[in-house]
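**Student:** First the structure, then my questions, so here it is.
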Amino acid sequence: MGGCFSKKEYQADGNGYRSAPTAYHTVTDQSYEKSSQRSQPQAQPQPQVQQTGPSLKPRQVHRPESNTILGKPFEDIRGKYTLGKELGRGQFGCVYQCTENSSGQLYACKSILKRKLVSKNDKEDIKREIQILQHLSGQPNIVEFKGVFEDRQSVHLVMELCAGGELFDRIIAQGHYSERAAATICRQIVNVVHVCHFMGVMHRDLKPENFLLSSKDKDAMLKATDFGLSVFIEEGKVYRNIVGSAYYVAPEVLRRSYGKEIDIWSAGVILYILLSGVPPFWAENEKGIFDAILEGVIDFESEPWPSVSNSAKDLVRKMLTQDPRRRITSAQVLDHPWMREGGEASDKPIDSAVLSRMKQFRAMNKLKQLALKVIAESLSEEEIKGLKSMFANMDTDKSGTITYEELKSGLARLGSKLSEVEVQQLMDAADVDGNGTIDYLEFITATMHRHKLESYEHQAFQYFDKDNSGFITKDELESAMKEYGMGDEATIKDIISEVDSDNDGRINYDEFCAMMRRARNRRKLFSVSLTS
C-alpha cells in the first residue's frame, strides 16, 4: 500500500508510471493466494542402454533459471534497449526512459527488483499484470505494452512513453475549463472501462493518477497506465477483497461483495471531481470517507453545482447509484446525451474555483507520506526488532501487508476483545494511503512510541532542511520530492501553500509538526491498542 509506484510506503508517482504494480503488496483475490500441493510420484530408475554406435553430441536445451519469475530463460534488455534518464523511483525499483536500439523510438521501462517480490502472491501478481497488459495492448486509451525482459536481478516492463504528464496537471495548467472538456476526458476514461469489461477485465483501481496524456500536444490522447490491481473477470464469482483508493471505492467493495460495476462508480467519482474540483465523499480520515460512501448522499447544492447542467448531474447520479444492479453500464454512459460527441455538454467555462480546489486536492498528503517514509527508513534494526516480529506474526499470508482479517485475528491472539467497528477504526488510523491494507512502513510509524516518533519528526524535518536554516524552502522541497519521483513544480507550490500557515513561502518546523500531528492523532489509537 501507499508505495512509490506500488501500494506500499507512499504514493510517489514518477511521471505516472509505477516501478511495481499496485497489487504486489495489497489484498489480492483469494484464488491467487494458495494452491494445493500434490505429492509427485517417485521417478522410476531408467534401464541402462549399451551404446553401440558413435557417441552423439547431446542436444542443448535452454531451461529457465531456477529463480525465474516468468518461467523462461533470462534475456538482457540491453540487447534491444538503452536505458536513459530516471523518471521515477520507488521501493520496488525504478522507471526509466529507454530507447529502442533498432528504431531510436522512446519508451518507458519499469524495472522491478526481484528480491523485493518476496511471496508467491507477489510473483503471481506481476505475472497477472503482464498478462492483462498484453491482453489489452493496442486498444484505445490504454498504454501500449511493448515487451517484458527478465534477468537475474530484475523484471523489466517496456511500454509506451506517455510524455504529456498527469490529467489534473494539464487541466490546471490550461487555466480554463468547460463541461465539454470534462465530457471529452470522461468519455476516454469510460472507454477504458468499456474495453476492459468487453475483454473480460475488471480494473478495480480507477483514479486520475492512473491516467497519463500520450504527449504534450493539445489534443493528446488519455491513456490508462496502471493495471496492478486488475483481474480477469470470472463469471458468477463474487469478489470480496477490499482494494482500490479511498475516495474512489464503490460501496459494494466496502460491503465485500462486488463485480465489474465498481469501475463505473470510480469513473463517476472522477467525473464529479472534474465538474466540481472535489470528491463527492469527503472526510478527515478514511473511516469518514467510507461512512460517507455507504451513506451515499451526493452534494449537488454547493458551488459550482447550481451552474452545472442538469444533464451532467443526471449522468453523475446514474454512475453513482448505490445499487450496482441499477447502476448505468459503460455502454449506457457512452450513449448518454451529455457524454456523446457533439452532445449536450456546454462549452461555457466552469467556475475557476473548481481548478483551485482541484489543485489543493491533488497536493494533499504528498509531503506527509514522504515524511513518514523518511522516518521509517531512519530507524535502526534494534529499535524496530519487536515491531518487525509483530508485523510478521500478523501478516499470516506473508504478502507484505496486513489486511482487516489479519489485523482482527492478530489482535485476538494478543488477547484483545475489540469489536469489529473498533478494529476497523484501528485499520483506518494506520492506513495512511487508504488502500485498505497496512504495509510495513505504515505499521512501524503507527506503532512506534509517540515520543520516539516525535523525535524522528525533527530528523525528518532536517532531511528536507538541507542548509539547516530552520525552514524548508521551495528548492529544498523540490530536491527531496524529485529524488523520489514525487512531484513537479506545480505540486510543490501547492504543498507549500497548504502547509505554510503564515504565508511566508517556506515551511517552518512548527508548520511541519502541525501537518504530521494531524496524521499522528489518527494513529495514536492504533499504537495504544497494540502495545497496551
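Cβ from N, Cα, C; glycine included.
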**Student:** What range among 159-189, 221-251, 252-282, 345-375 does Swiss-Prot describe as region 'Autoinhibitory domain'?
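**Tutor:** Feature region 'Autoinhibitory domain' in Swiss-Prot: residues 345-375.
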**Student:** Determine which of E457, E476 appears in Swiss-Prot for the same Ca(2+) 3 site as D465, D467, S469.
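**Tutor:** Answer, per Swiss-Prot (Ca(2+) 3 site with D465, D467, S469), from E457, E476: E476.
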**Student:** So around the Ca(2+) 1 site, D395, D397, S399, T401, E406 aside, which residues have their CB within 8 A of the centroid of those CB atoms?
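**Tutor:** Going along the sequence, the neighbours appear as M394, T396, K398, G400, I402, T403, T437.
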**Student:** Using a 10 Å cut-off between Cα atoms, which of these binding-site residues sit near S399 (Ca(2+) 1 binding site): D500, D504, R506, E511?
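**Tutor:** Neighbours among binding-site residues: none.
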**Student:** Taking the recorded Ca(2+) 4 site as D500, D502, D504, R506, E511, identify the other residues of that chain whose CB atom sits within 8 Å of the mean position of the site's CB atoms, giving them in sequence order.
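**Tutor:** Result: F471, I496, V499, S501, N503, G505, I507, N508.
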**Student:** Consider the binding-site residues D500, D502, D504, R506, E511 and say which one has the Cα lying nearest the Cα of D395 (Ca(2+) 1 binding site).
**Tutor:** E511
**Student:** In the domain 'EF-hand 3' (459-486), how many residues does DSSP assign to helix, to strand and to coil?
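**Tutor:** So the domain 'EF-hand 3' (459-486) is made up of 16 helix, 2 strand, 10 coil.
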